[in-house]
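Asks: The structure under discussion is supplied below as structure tokens; questions concerning it will follow.
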């Protein structure tokens, strides 16, 4: 006679296997939601890991076996869901280096909440349902104790699955290093998310004891000694000799908002006015990766590419760097950095001294009368900074970072000055326009204060956007709400993905320089204007180049690395372009400038 326990066993005897099938389903969901390709390598590697996890379940009996599998399910679900969220924002998966940046999470609550979508509930439904079914009072899971008979075959199958992709790359595709990829996202495409995390851990352990070989040092030296032949006259050389330098990194500012109107109102009236007395580069690109704003700072200050994984600010804050600040210090400049957020955000308090900044003003040094989003509002920040610069020993270099125009672009209603049409109200794009306008008005306050303090005419002011605020995935909003026509992929990268670079002084007669460039080129360009020898770096002086080009690494706001010239946009990089990024990574990881002293 069958008991209720027997019925329960019949109904649930396959539940352990169902758990692993559901994990596989979630892996497919992850690749679907994150738009990372479901390659054959993803399937073979993911199945390999799941079969190995399943094999180890044979060491447990009854409910312990199901508990083990549910824990595996929970861990993998957390990995999949957190990576989905991270990829949505950074276009790159989580790495071990990401965990150096956990201090940043305290200021990103609103941005993270904005990324949470209802579809992600699909990852969690079984975690809610199964414990109720499995551990109910009358359920007994009688799995025969055949440990080795089950463990060994599934372990062998799992290891075979793990080896299929690297063996194919090594012996069929003739790839020298099957585990090496351009970036973390590419590893996910090749080996799946679980494979990515194992490979990431392997390389992270290797980096702990990294040192530069003699051949690596020679390659770095050769690259740094390469000279770029000028192809145009630089009429702005030494324009800023012994003048103050004020560089402003504007949060999430893209070029398309300049000279753009909404409802008949200029979005950026201050920046538009500055263009009349600026050298303006409309074909200028952010080159950030996983370090976001900190990557932009690193690029512009050192003329080196950011790391492929993690932020330099967290991983190598005590290295020796050749930067704008260190170079100007040698010319007698005092140096000051300003960012009205917590001093520990992006580990700036530890990184800025290595970049040559003698002082750093963070939120703790401001009255904090106007708190918006993550920190002090830009108007208060600019107003107080102008007062501080009046006391700064001249000549000085001040590096200022704005904050208010940060995703999800939420601004108190009493500070919104644009009158938006109904179709733009309460949309991401409409909110973006409001916060851009607020930052633009804040900049006007700053310039007026500098004029009052008689600092403006004796200063070179450099302004640039740190990274995109509206991404290609948001292109439909621009098409429907503003442009009223389709935007091709090429036009997106040519017109809408650029960030502005302006070099301003009241004495400059406005000029538009069509040369293509990126943030890595800021240091040599500004060094020329300031009349100082450029520090060692990998960028070029944009004022001496006619057409120019730019490498945009993946992992920031593009999924595939791009190489952009006047005539073409290439997806993927050539070996020489990848070599340039590799050299930059060697300089950072090996602390090259310290050992080259």
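Placed from the backbone N, Cα and C atoms, the Cβ positions cover glycine too.
According to TrEMBL:
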{"type": "ACT_SITE", "residues": "293", "note": "active site"}
{"type": "BINDING", "residues": "251, 466, 467", "note": "Mn(2+) binding site"}
{"type": "BINDING", "residues": "406", "note": "substrate binding site"}
{"type": "DOMAIN", "residues": "243-532", "note": "domain 'Sulfatase N-terminal'"}
{"type": "TRANSMEM", "residues": "18-36", "note": "transmembrane segment"}
{"type": "TRANSMEM", "residues": "42-60", "note": "transmembrane segment"}
{"type": "TRANSMEM", "residues": "67-86", "note": "transmembrane segment"}
{"type": "TRANSMEM", "residues": "112-135", "note": "transmembrane segment"}
{"type": "TRANSMEM", "residues": "147-164", "note": "transmembrane segment"}
Asks: How about the transmembrane segment (18-36) and the transmembrane segment (67-86): at least 3 CB pairs under 8 Å, pairs 6 or more apart in sequence, or not?
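Replies: Per Cβ check, the transmembrane segment (18-36) touches the transmembrane segment (67-86).
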Asks: How many whole Å apart are the CA atoms of residue 467 (Mn(2+) binding site) and residue 293 (active site)?
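Replies: Here the two Cα atoms lie 7 Å apart.
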Asks: Tell me the Cβ contacts of residue 251 (Mn(2+) binding site) under 8 Å, same chain only and six or more apart in sequence, or just say none.
Replies: 293, 401, 402, 403, 404, 405, 406, 439, 466, 469
Asks: Beyond 251, 466, 467, what residues of that chain have CB atoms within 8 A of the centre of the Mn(2+) site's CB atoms?
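Replies: In sequence order, the nearby non-listed residues are 249, 250, 252, 253, 286, 288, 292, 293, 296, 465, 468, 469, 499.
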Asks: Limited to the domain 'Sulfatase N-terminal' (243-532), I'd like the whole-number average of pLDDT.
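Replies: Result for the domain 'Sulfatase N-terminal' (243-532): average pLDDT 96.
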Asks: With every protein chain in view, what's the tally of Cβ atoms within 10 Å of the Cβ of residue 466 (Mn(2+) binding site), excluding that atom itself?
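Replies: For residue 466 (Mn(2+) binding site), the count of other Cβ atoms within 10 Å is 25.
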